[in-house]
Amino acid sequence: MPILEKAPQKMPVKASSWEELDLPKLPVPPLQQTLATYLQCMQHLVPEEQFRKSQAIVKRFGAPGGLGETLQEKLLERQEKTANWVSEYWLNDMYLNNRLALPVNSSPAVIFARQHFQDTNDQLRFAACLISGVLSYKTLLDSHSLPTDWAKGQLSGQPLCMKQYYRLFSSYRLPGHTQDTLVAQKSSIMPEPEHVIVACCNQFFVLDVVINFRRLSEGDLFTQLRKIVKMASNEDERLPPIGLLTSDGRSEWAKARTVLLKDSTNRDSLDMIERCICLVCLDGPGTGELSDTHRALQLLHGGGCSLNGANRWYDKSLQFVVGRDGTCGVVCEHSPFDGIVLVQCTEHLLKHMMTSNKKLVRADSVSELPAPRRLRLKCSPETQGHLASSAEKLQRIVKNLDFIVYKFDNYGKTFIKKQKYSPDGFIQVALQLAYYRLYQRLVPTYESASIRRFQEGRVDNIRSATPEALAFVQAMTDHKAAMPASEKLQLLQTAMQAHKQYTVMAITGMAIDNHLLALRELARDLCKEPPEMFMDETYLMSNRFVLSTSQVPTTMEMFCCYGPVVPNGNGACYNPQPEAITFCISSFHSCKETSSVEFAEAVGASLVDMRDLCSSRQPADSKPPAPKEKARGPSQAKQS
């Protein structure tokens, strides 16, 4: 994912109203180019006989006057009529059609630096400061005063579509029986008093942040949060943990929501949740373990229903978690916006809080504020049954996730840049080497690439398991051949160049995944039967991303994490820093073939070997400082 920077000083900073940016439309790649690239991406990942069969299928699909050309013409017509020809297809395919539960399977989390709260008041001061930052940031959005993002990295200096920012606080993912709906509040007039929903002890409270046309100060917010904590502690008033329902599979939650909506009180309460700015989850202590790994798990799934897993409402785009034990961060419903937008927003909030925290926030007592309101949710016997089922399934998610935060500190992006390499490409090749070492094969790999250079652009896929990467990893693991280091280095450079070329293809709208997706979806309307092209095992395999990766760089102390996207897969989110690289590695215990600790150790070993390979041709003064023979893996106290 390309790194973002604010507009360079030499360029005028424009308001970020996405309607005002004169961005080009996403281009439609040439059909034959996409088909050739598809075959090139898959040839080395499937058996030879299977590839020959797929090659013939692709040839028939792309033949002159054939189905491929017909679909391509339809797609070009769609490009003319829409702002972005793939956005609807992509949103449905990536998110809204997915029936899996949101925690771990879909919703990523950003984990802040651990906080050291002395008491509950410290926790609430932090939460009040965070809410104040949210309101300040929302003011920038409402006034279209947010500076435009500009691309950095490959093809830097281009303005990026800002539309996603306007969904941060105005979106809600409504569960459906077969497909979810992404709802956006579009009203330009001021709605009812703006409010945040505060979750505390699995109860939900309405915190009005504007009262009598005045935005509440941090002191006011602190006062109101103290009232909420007191109200939540009243066990006589406690309601069932309805938030658990949002952690269930999407179809199951849609069914449970239909039951809830039969009651008018529930309808009003759900409406307040669905229209809120964001959630703030005041969590109780977790397991007592406060490593990066355990804090990340608290954000990803809350530790299940016995800890903080019910203190959530997963449909809301942003849930800010402020834990009594100092575990803080944000859980993101991913469908409205991409990770880099979340990081930009979060870094803005943390900078606001660093400035604000220089003064001690005390409760304001100038005027008596109306008490926050507890949301009433009536629970029928049928809903009780849904809750029991949801709790059991969330517990299965918690037990099944195999997750580790691994900080590789032998070197970071400073050393990689000294080699004249892209840190992202270097790390991607290291991930391929790690996977090959463990499994003696490469697999379809997903790396998100921003296409925000275009109107309403989201992402496409960099397929980093290239033939060139395979040649390199085979050379690095074939100890019998004894290939000279100089030849291995040349293979590394070739693999890096292949990754760079595919990255440029992706960010300029020329990659294959979105294109093939659109052709497949157009075929649904045009063909009575699914075309053999999209039923072929090679195509189906190409969309099972056993390795799901993303670079999410930050300038502040925080990191992003998510779960695998297939049952036998690994998630690998990484954050390159000058002298270290933080990896969040995920897999499922239910797959006996995978192990997150083993994969993290293999990544560390691969990065060390690649450093040593680079150092073999360097003059002494440019070698990395204090070479280390081995990367200590998670089992050697490297787990964060």
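Yeah, the Cβs are placed from backbone N, Cα and C, and that goes for glycine too.
Here is what Swiss-Prot records for this protein:
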type	residues	note
MOD_RES	SER17	phosphoserine
ACT_SITE	HIS334	active site, proton acceptor
MOD_RES	SER365	phosphoserine
BINDING	412-424, SER450, GLN551	CoA binding site
REGION	614-640	region 'Disordered'
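Put simply, LYS420 (CoA binding site) is 34 Å from HIS334 (active site, proton acceptor) when counted between their Cα atoms.
Counting neighbouring Cβ atoms within 10 Å of each of the binding-site residues (ILE416, SER422, GLN551), the lowest count belongs to SER422. In three-state terms derived from DSSP, SER422 (CoA binding site) belongs to neither a helical nor a strand segment and is classed as coil. Following the DSSP three-state reduction, the secondary structure of ILE416 (CoA binding site) is helix. Neighbour counts of Cβ atoms within 10 Å were taken for the recorded positions HIS334, LYS420; the minimum is at LYS420. By neighbour count, meaning other C-beta atoms within 10 Å, the densest spot among the binding-site residues GLY412, LYS418 is GLY412. All protein chains included, ASP424 (CoA binding site) registers 28 other Cβ atoms within 10 Å of its own Cβ. Within the same chain, the residues at least 6 positions away from THR414 (CoA binding site) whose Cβ sits under 8 Å from its Cβ are PRO578, GLU579, listed in sequence order. Under the three-state DSSP scheme, GLN551 (CoA binding site) falls in the strand class.
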